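Taken from TrEMBL as is:
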- Ala84, Glu153: Mg(2+) 1 binding site (BINDING)
- Glu100, Glu104: Mg(2+) 2 binding site (BINDING)
- 42-182: domain 'Nudix hydrolase' (DOMAIN)
- 85-107: motif 'Nudix box' (MOTIF)
Amino acid sequence: MSDIKIIKEETLSDKKYPLKFYTFQRTGSKGKLLEKKNEVYFRPDAVTVLLVDSVNSKFLLIKQFRLPTFLNGNETGYLVEACAGLIDEGESPEETAYREVDEETGYPIHDLTKVANVYTSAGGITEFQHLYIAWYNSRGRHGEGGGLEEEGEDIELVEMSFDEARRTLKKGEFMDAKTILLLQHYFLNYE
Ligand SMILES: Nc1nc2c(ncn2[C@@H]2O[C@H](COP(=O)(O)OP(=O)(O)O[C@H]3O[C@H](CO)[C@@H](O)[C@H](O)[C@@H]3O)[C@@H](O)[C@H]2O)c(=O)[nH]1
Ligand SMILES: [Mg+2]
């Protein structure tokens with residue numbers, strides 16, 4: 001680890017989150033000095049929470065437009081995902097989980113449970129995801145949800161039965177990695 005030497009660091013863009021271009025050296029597994037180049041996009045770490053109503057056998061998912069997917073083959077640009085958001089400065093992942101669930105869905109949750117920490121695209125993006133499941137009551141009272149208007153969020157709530165989620169998984173129709181991981185985790189460990 002300690003023999004990694006950054007030879008050059010160039011900032012390619014710094015509009016929202018920095019995109020940098022590195023030239024670095026490190027000793028490889030065969031003891032040889034290697035020089036490499038790597039573009040790195042510094043997106044903040046994030047939290048994802050799969051909301052489960054085990055009494056009524058339902059998940060609460062969200063649907064929203066995702067430009068990068070539209071630019072890469074997703075015809076409508078819409079993606080069905082578990083509730084997720086970026087960690088604000090000074091926030092713990094648990095605090096982000098409660099805030100994002102409230103902003104995006106408006107439902108109270110309980111028993112927030114850690115599932116895993118994952119790098120989502122290790123070759124080029126710094127982002128580290130904190131994955132959780134939590135329980136909600138689909139028949140309970142809830143706030144508005146829908147995301148923050150001032151951030152341009154436009155979020156539709158999608159309630160999906162366990163059966164439909166299983167079928168959609170089997171057909172390979174979910175397209176968001178963290179959502180697939182959490183649904184599979186739930187079916188493997190709780191059903
Ligand atoms: N201006 C600007 N706004 C951005 C940019 N990138 C994101 N935003 C905005 O910043 C807000 C972030 O909303 P969050 O709910 O905190 O995050 P998220 O977009 O849901 O992110 C989660 O899901 C993504 C898609 O799967 C993940 O990529 C991400 O890691 C995270 O898990 C959204 O309004 C989004 O449009 C950008 O480059 N420029
Ligand atoms: Mg979000």
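Including glycine, each Cβ sits where the backbone N, Cα and C put it.
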Entry from the binding-site residues list Glu100, Glu104, Glu153 having the most other CB atoms no farther than 10 A: Glu104
Alpha-carbon spacing, Glu100 (Mg(2+) 2 binding site) to Ala84 (Mg(2+) 1 binding site), which is rounded to whole Å: 7
Nonlocal residues around Ala84 (Mg(2+) 1 binding site), in sequence order (Cβ under 8 Å, 6 or more apart): Ala46, Val47, Thr48, Val49, Glu100, Gln129, Lys178
